[in-house]
Every structure is written in structure tokens, then in C-alpha cells.
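*Asks:* Have a look at this one.
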Amino acid sequence: MNKKIQLQDLGNRDYKSTWEYQEELFQDIVDLKIKNRREELDLPTSNYLLFVEHPHVYTLGKSGDLENLLLNEKQLEAKGAAFYKINRGGDITYHGPGQIVGYPILDLENFFTDIHKYLRLLEESMILTLAEYGLESGRSEGETGVWLGVGTPFARKICAMGVRASRWVTMHGFALNVNVDLGYFDNIIPCGIRGKGVTSLNVELGVEKVDEDEVKSKIIKHLTHLFEAEIV
């Protein structure tokens, strides 16, 4: 079992080329697993964690409802935002500057074969990261992701999640709002959930800007511990 996760920080990169890159890495792992099984080999499979910041883009999961996008094509263009219907779980979400997007592309057979546990550990890494900033966050029953003010009328989402898995290989991942322009969420019903707000780390801390590299290092620390991995 290979518990090393290769970290790649892609910086600012458009959604489409990043999605294609994810698919390449994902398919390479799947292909090697098929080869291992067919030829009775035991070649180690790779694991990756991609960090990226996307230009303005809305993405809709495979079970999502297009009605949760409140803009037409011309309005999207006017906002300089792209739109993609993609192959992850979940509904609609927004990605943009000031948001830390993480795509773990893992062979879960290197760790554990349990998608539910995988999602809960991704959430836990965010909960622990936010706790380091003095914020109490948690899960909202039946709604994947991480929230503040759970169980109150002021529940607000700070981290969205949506993944795809096949043959125990994962792709897509999480999006943590750090210094993001929350106005872009007004153009969607985030994750198809009505009546709940969206927030970001800088808003919750009452500061203009949070150091995103510092946040990433905390996420890496917690993922390393939770997955008993080595992130290199």
C-alpha cells in the first residue's frame, strides 16, 4: 500500500484544463489497477492532492438541478464566469479567486475502502483547520460539507464538497471559502439548499485577508494525520 500523497499546487488555473488534468491522473491510476488485476501484479498506485484557485466558474454535479443556476448565458458572460456540468456528486457550486480548492485523487485501497468515511475525513480536516482559527464548525445532517452555526437560524456553509469515485479511486473534492467574493453565490442556490447562507474565513474572522498558504499548510497537516499519510 502506497500512503504517499504527491502535493501539486497548480496556482491560478482555469476549470476545464484542471478537470482534464484530474481525469488524466484518475485514469492512470484506474488503468494501473486494471493491469495489476489482469496480470496478477502488485505495482503501487499513486495518490495526489491538487490545490488550485479557479477564475470565476459555476459547476453543476451529475444529479444537480440546472434551475439552481439563476443566470442565463449572457448574464454569465457579463460576470466573466464560466459554467460546466460535471461528473461529481452534489448540486451547483461556485469556484473563484480567494477560495482554496482541493482535489484529492487517491486510490482508497491504499487507505481504506469506504466512501462515507472518506467524505467524513475530508470534512474533519476542514473542521480541525477552522478550529485553529477559533471557529467552531460542523456537519449538517444529510448535507455534505462544513457549516458554521449548525442547528441555528444562522447556519452558513464555509466549505462545499463533491466527489466522484470509481474502482475506489477518487477525484474532485472540496472548496473552502477563505477570501472569496461571496456576492457570486447570490447567482445560485448553493448545493441546491434553500434558506441557508454562505460565508468565508475572512468574513468570520472580521479581517480583510487571511493568508491562504497558511490555511493550506493546516489542511495538509490534518489530512496527513487523518489519512495516516505522507504528503510530499
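Note that Cβ sites are derived from N, Cα and C of the backbone, with glycine treated the same way.
What you are looking at is a predicted structure, and each value in this text was computed from that prediction instead of being measured.
Per Swiss-Prot, the features are:
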type: DOMAIN; residues: 43-231; note: domain 'BPL/LPL catalytic'
type: BINDING; residues: R88, G89, G90, D91, I92, T93, Y94, H95, A160, M161, G162, G173, F174, A175; note: substrate binding site
type: SITE; residues: K157; note: site 'Lowers pKa of active site Cys'
type: ACT_SITE; residues: C191; note: active site, acyl-thioester intermediate
*Asks:* Just to verify a number: CA distance, F174 (substrate binding site) to K157 (site 'Lowers pKa of active site Cys'), in angstrom, no decimals.
*Replies:* 12
*Asks:* CB neighbours of I92 (substrate binding site) within 10 A?
*Replies:* 25
*Asks:* Could you give the maximum C-alpha to C-alpha distance in Å for the residues R88, G89, G90, D91, I92, T93, Y94, H95, A160, M161, G162, G173, F174, A175 that bind substrate per the record?
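*Replies:* Overall maximum Cα spacing for these binding residues reaches 16 Å.
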*Asks:* Any idea what the Cα distance is from R88 (substrate binding site) over to K157 (site 'Lowers pKa of active site Cys'), rounded to a whole Å?
*Replies:* 19
*Asks:* Roughly how many angstrom lie between the C-alpha atoms of K157 (site 'Lowers pKa of active site Cys') and G90 (substrate binding site)?
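*Replies:* With the alpha carbons as reference points, the distance is 14 Å.
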*Asks:* What number of additional C-beta atoms lies within 10 angstroms of the C-beta atom of G162 (substrate binding site)?
*Replies:* 26
*Asks:* Taking the domain 'BPL/LPL catalytic' (43-231) alone, what is its mean pLDDT?
*Replies:* 93
